[in-house]
Structure formats: structure tokens, C-alpha cells
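Per Swiss-Prot, ATP binding site is recorded for G572, P573, N574, Y575, S576, G577, K578, S579.
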Amino acid sequence: MDEEEEEEMSEREVDSQVHMACVMQGRRVGIAYYDSSMHQLFVLEIWEDITEDFPLIDLVKYQSKPSTIYTSTKTDEALLLALQRNDCNDEAPAVKLMKSSTFSYEQAWHRLMYLKVAAMDEGLSVKERICFLNSMMDLGSDVQVRAAGGLLAILDNERLLDTLDQMEGGASIAIDSVAQISLDKFLKLDATAHEALQIFQVDKHPSYMGIGRAKEGFSVFGMLNKCVTPMGKHLLRTWFLRPIIDIDVINNRLNTISFFLCCEDVMSALRGTLKSVRDIPHMLKKFNSPSSFCTSSDWHAFLKCICSLLHINKIFEVGISEHLAIKLQHMNIDLVGKANSSITEELDYVSDLVVGVIDVQRGKEKGYDTLVKDGLCEELDELRMVYEELPDFLEQVSANEIASFPFSFECRKAPLIVYVHQIGYLMCFFDEKISDALLIGLPDFEFAFSEEGEERRFYYHTQKTRELDNLLGDIYHKILDMERAIIRDLVCRVCQFIPQLTKAVNFAAELDCILSLAIVARQNNYVRPILTEDSILEIQNGRHALQEMTVDTFVPNDTKIRSSGRINIITGPNYSGKSIYIKQVALVVFLAHIGSFVPADSAIVGLTDRIFCAMGSKSMTSEQSTFMIDLHQVGTMLRHATSRSLCLLDEFGKGTLTEDGIGLLGGTISHFTDYDCPPKVLLSTHLTQIFTESYLPQSEHIKCYTMSVLNPDEQTDNEDVIFLYRLVPGQALLSFGLHCAQLAGVPSEVVQRAVTVLGDIHSKRPIRRMVWEKLAAKDQQYQDAVTKLLAFDPHKGDLVNFFQEVFPS
């Protein structure tokens, strides 16, 4: 990505502000938020259990990243706390309380009636407006209407929206589109799950002052993001934040990836063309802003973007052979048709429109800021011709003026009439100011100002310069004003095609995402998963998408979860790969739901509604201990998990007393076995006592696995072992903690002491005290004293000699 694209992406991120409104009535919560970078209004309604900590609101906040949240002054305190709460490392949004009347149904409804959407025809009646809006959002949801209308009123009052047009009956707020979202359509992952699975990883800028833009670190998103457009990156992030459970949409993405993997020349040509595609709505926003100045480079980029979009259609027409066309038809992909319907002839018209007005090379050729093409406006052409010939004209006028002076000037450089922007025409003298004596002979001279530099300059108004001011005026800014008026008219005409341009850019962004996923699938040897409505999970030789990038050899593992064996308990030593295994399974499921190929030899993935993670979050912003965070996650898991959910528990119970941990772990597993069809559970633990005691019920749902190791002595865990990283049926009763300590670089004397303590415990002997030289000398001294005391005869012995022997001076 070049510097210009990075700057555009940076500007978009800086400009991107998300403003949210939230209204609660009973258990129903209406949410609306406006994304300033996309000019879109999103609305949704959710149902929350008031006895919990509002997990769905946390999920919406995490996905939308609002900077400000507006709510009523009558909002319940529990909801306020949920709105103010921050997620992981994200900064908490500012929560502003507004008058409750702002969110009244009547005012909100009236506000929505005057909402102007980009695709809405002019002159619609109120009834027609209602029908149009109802096609984009559910106007029957009162909390949704109150949130959306209240937010529009707030944005209008605080002047946060860009376009305000006056209509009969009030102001019309213009946005590009309204979109209703439903959490039921997505695979849900909260911030904790994203952190545990390393979906995103933001690396702060290393500047000491914190100046600079953060970048994506080593993460799943960072690895799969090969997008070449800023819109593609933004859309791909949205796909990662909102994995879908619509099997038709997923299969369409997978089919398209499969097709591109069969025609790499087409894929390469498309990616090369997409590199020139920019964020046209963002560019038009800049063109339309009165505070910004558009350069020839901006218009050149705009034209190049339009041409690149049109070229996409040509690539499909030329690059897709008859054989590939049959393949597309067999895969049920209407890629060419979608491209033709998205990138329409209107873009040709827009290109011709701009080319007919803008000459991007004129400024470079003429040496000043000028954009409008010659021959478009006769008056403008005349002004520009005068301005371009002005230096020669002023030189001639200066010579005539100097010749008319009543005396001659003895100076290194002859005086000259110059044109200064916004000031006018002035007679310039170099090096020295005209003396008062000479000024007497020049009654029409009036000193204006002086300028310091390599050579001093003194400027004067004269009769001739005043005539030039009246005759020519500030000609340069006349040219700029005329050009800006022409360009403003051009922008208005181009903006009439914003819906078509946006549709084309959105198609390019989606195409960019698909190509990015195809590139990664080819580079990393991913395979196409099979999605099914059945709640099963079968993975052959699955791999961890990130871990395999960091090691020379990665050992893959299988996963098979059907109607039985849905609760997998995994034991094994530290460092044996338990956590990596359960994470890799979750990542395969996650990637399948964004429509990506997956790191495995084959995969059958049942549609999943939610991924729960209780894996010991390490967030420093949480006020709770790691164990309390795990308890909270497990509690949410037990309340909301369904047969379609995937639950990950890594070392649950280790943060408290062993007995309590075993009890909590056993109770959690028992709870899952009570389901007719439990969720898919992957659980790793070192609490192997649950197998030796009666902590677990007898159930067909439970299967035990272990990570295999090669150990010379099966009875001890202090020998050298070889980790095989292979998942096999069974249970591991040894943790090989001493070997792991050696691998971690723990000092050998500490490890040796641990061996001694463990040996005493296994032999049920008192634990021997450590032997230190000073301590051993004192022990010997005490032993000698005791020996002498036992040998001393209190009746016949010499007490003085005894004390001298025991306590020598």
C-alpha cells in the first residue's frame, strides 16, 4: 500500500466517529448508531436479561466501537453502568444523558419522516416515505424508532451530520443508507473470545509520546488481510467482527474463492486493478467540503479509480473463458452478472463528465493551480490568458513607467511593477527605500510595506498600479473563484450518481475481500470447509492458523464431535499443545463462518451460534481477578450455550484451592451432560483427580483425550520426555512439570529440590530440610551437644568441664 493510500486510510480512521443511542423499555433495548465514515445509520432491537450484565449490549459496543453513547436521563442505573463499561483494551465511550423527551416516540417518528436517504426519490409523500423507510428498518419496533429518531435529533442539534437541506415542515437529514442488523444472523464472539483466539491484535505506535497510528499486529485478521483497498480492509474487518450463519452466503463466498483459485491469472489482474480503487464516497465528501481544497492529484486519483472500476468488467469479459464460464454456472456463481449490475454505464458517464471539465495536467504545464479544461468557459479562458501573459505585460508597463520618472535611480536592480495575490499591483524597489527628498518629486507614490529576505524590497502604490487594480483586479483569485464555481457544479452533478458509485465501490470491496481470502488459502494450503445445518464438527489434520507460521513443523490433529462424545476432556503435560489444540478447533469454526478456507485437510463444520471462551483473560483493564473472569465466562456459558454452541475451557478451576477447582470443574461438566444434546465442549485441565474420584457422571457425551508424550520411565515425571503433540484417546496422570521447568530455564538447584520434595511426598516420608553449609555446621554442633548431654552423668560428672566442652569459648 503506497503512502497516498495509507494517508487516505488514516484520514478515514480519524474521520470515523460512531455515535450511538440506546433506549430500554422492560427487557427490550433499542439501539441506533451512526457511522460518519460510511454515512450509514444502523438500527437493531435486542432482548436483555436484566438479571445479567447486559452481554448483548457489550457485544454491540465491541462491534461498533462508539465514541459517544446517548441515552435518557431516566435510564436504569444498571444499564448506565453497562454502557460506561469498557471492553478489554478499548477506551470506554463517553456516555451523555439527554432529556427523556428527546427519545419520545412522537418526536422520534416525526424526525424519521424527514430523514433523507441517498436513494430516496424527491417529492415523496409522507405515506411513501413510510413505505420506503419500512423497507430498510422495522418501524413497528417502538424502541428502535425511539433510538433512531432520538439519535438523528441529537446529531442535528450538535451539527454532527454533514448535509442539512431545508424541506417543507423541517430539516431533512441526509445519510447514505439505513441498515437493520440482527444478532441472530451472526456467530457471536465477545471481546474475551476475540482476545483469547487472537482474532485481532492492535500494536500501539512505539513513539514515547504515543504519537502515531496503531497497526494490526500478529493476529488472524492481520494474516488473512491481503486487501489492496481501504474499503476492502474495512469490510474484511466487519466480516471478522460479524461472522455469519447464513449457509447460502457462506457457500457463495466459498464458491467464489474456489473459482479464483482455478484462474490465478484473472485473480492477479483483478488485484492489480483494485490497487487503484479508492474510497469514492470519502473522496466526494472531501470534494464537497467547503473547507478542503481539491488538487489535480485528487481528481487524477478519482478518474483512475473510475477507470479501474470499469476495467474490472473488462477483465471478467476477456479473462473468463468459455470453460471458466461453464464452471461459474456449475458453481451457481453469477459473478459477471453481479459485476455488470454493480459497475454500470453511469460510471462511464461520470468519467466523461469529469474529463470534460477537469484537465489534471494543466496545473503542471502552466505552473499554477488551475484545473478547468480550456474551451469550457470563454470568460475564464480570457482571464487565464491575461494572467499567464501578465509577467511580460507588467515588465513592459514597468519600463514605460520608469522612463516617465523625472529623475533616474542609481540602483543595482531596476524597479519593477509586480502583482501580489490578494493585495494587487505594486511598484517594487530593491535594496533601498526611496528617500523623502525624492518622494517630493513623486506625489502619486505611497509607501505600502517592506519585505526582508536575500534582498530587501520596498513596495509602493502609484497612479499606474491603482489603474491596474481597477482594470485587472485580483485576477488570480478571480480565476480561482470561477474555477471553484465550475468544479462545485461538477461535484454536484457527480454526487447525483453517489448510489451507483457506492454500489460499485462496495462490489470492489467485497471482491477485494474474496481475493484476499483466496490468496491466503493458496499460500497456506487451506481447504474448503463443508457447512452443514447439523450440529457436528469433523476436522481432519486441523492446524492452528497462527502457530503453524511460527514453527518449522506443526503436528496436525483430528477432531470428531457428533451426537455422542460432545464433551471432550483433554489432559496432558504442560507444553504439550492442549491450549493450541482447542484454539485451533475454534479458529477453524470461526474461519468457516466468515466464508474462508480453513487450515486442515478436510473439515465439516456445523453452523454455530456462539463461541464461548473461558481461557484466563489477561486484560489489565479488568478490576476482577483471572479466576473471577473465568467464573463470569463460565456462568454466561452455562446460561446461554445451546447445542449449536462451541465452548472452550482452558484450565478452569486452577485459580483457587484444588478441592474447590475440582468441584467447580466437575459440576460444570455434569451440567453439560444434563443436556439432551450438549454444546460442543473442549476442555483442557490438569485436575486429573476428577477421573480418580466420583466427580464425573457416566455419560456417552464425555470423551477423554490426552496429548501424547514419549517417556522412558512411565512411573515418574522427572525424566527427559519428548512431546509428540498428538491428540490420542486416554487420560494423562502425570504433568511432567519438572521437565517443563527445565525447558523454561528454571535453575537446576530449584528443580532438584522439587525432585526431593516429590520423592518424599510419594514415599509418605517427612519432607527433608534443604542442606546448607552454615545450617549443616549448626546441625552438627547441636548433634554433638545432644550426644554429650546424653553421655553426661549428673551424679559423678564435672559440671564445669561439661559446660566448657559444650560451649567452648
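Backbone N, Cα and C atoms are what each Cβ position is placed from, and that goes for glycine too.
In the structure as shown, the Cβ atom of P573 (ATP binding site) sits within 10 Å of 23 other Cβ atoms. All protein chains shown were included, and the count of other CB atoms within 10 Å of the CB of G572 (ATP binding site) stands at 28. Each of the binding-site residues N574, S576, S579 was scored by the number of other CB atoms within 10 Å of its CB, and the largest score is that of S576. The C-beta environment of G577 (ATP binding site), restricted to residues of the same chain at least 6 apart in sequence and closer than 8 Å, consists of V555, M707, F723, Y725.
If you draw a 10 Å sphere around the CB of Y575 (ATP binding site), it holds 18 other CB atoms from the protein chains shown. Neighbour list (K578 (ATP binding site), Cβ cut-off 8 Å, at least 6 residues apart, same chain): I570, T571, G572, D650, S684, M707.
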